[in-house]
Amino acid sequence: MNQSLTPSAGTDSKTGSSKAISFQDYLDLSTLDWARLRAILAPALYVDYTKIGKEKWDAMSADDFMAMVSNDDFLGDPCVKTQHLIGATYWERVSESKVIGHHQLRAAHQVYTSPDLKTVKLRGHSHATNEHYYVKSSGVWKFAGLKPEVRWNEYKFEEVFKGSYTQSEKHS
């Protein structure tokens, strides 16, 4: 894996982007490698969760993004295991320094009763498309945001995250 995330031999000639960065960001999310994820983030991210019942941030700081995704109410929950698989993808070149990746995703989630990960409490999987935004900063491609759109969910996806919008609605 090209750790610097610069375009490599696998670079798409039309976009100038590297498929390595999209693989890297999903690997980091699936393994919960927060340091590696932080290393590929742009200083500010466009985060649009409106299609999944949450908010939109036009310029969320990388630190705030990390705090959100690594929080115990989200992917930082030690009882949640996840794997994000990328399906069909196409790249849209916006400029020499901005690319949008359009990705088909399946995100599998399993919640355990305790951090020892021995007993499964529930499963929840999501099938979605996702726009990922990438910017080139100092010659290096960085992950600059996302905009998911869920097509459909399996099992009890709405119960996977303690901080999920459905959990919040149950308490209001």
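Quick reminder: no glycine exception, Cβ is built from N, Cα and C everywhere.
Copied from Swiss-Prot, the annotated features are:
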BINDING   Tyr49, Asn130  substrate binding site
ACT_SITE  His84  active site
ACT_SITE  His109  active site
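Overlay of Swiss-Prot annotations on the structure.
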residue: Tyr49; record: substrate binding site; contacts (Cβ under 8 Å, 6+ apart): Glu55, Lys56, Pro148
residue: His109; record: active site; contacts (Cβ under 8 Å, 6+ apart): Val80, Lys81, Thr82, Arg123, Gly124, His125, Ser126, Phe157, Val160
residue: Asn130; record: substrate binding site; contacts (Cβ under 8 Å, 6+ apart): His102, His103, Leu105, Leu146, Lys147, Pro148, Glu149
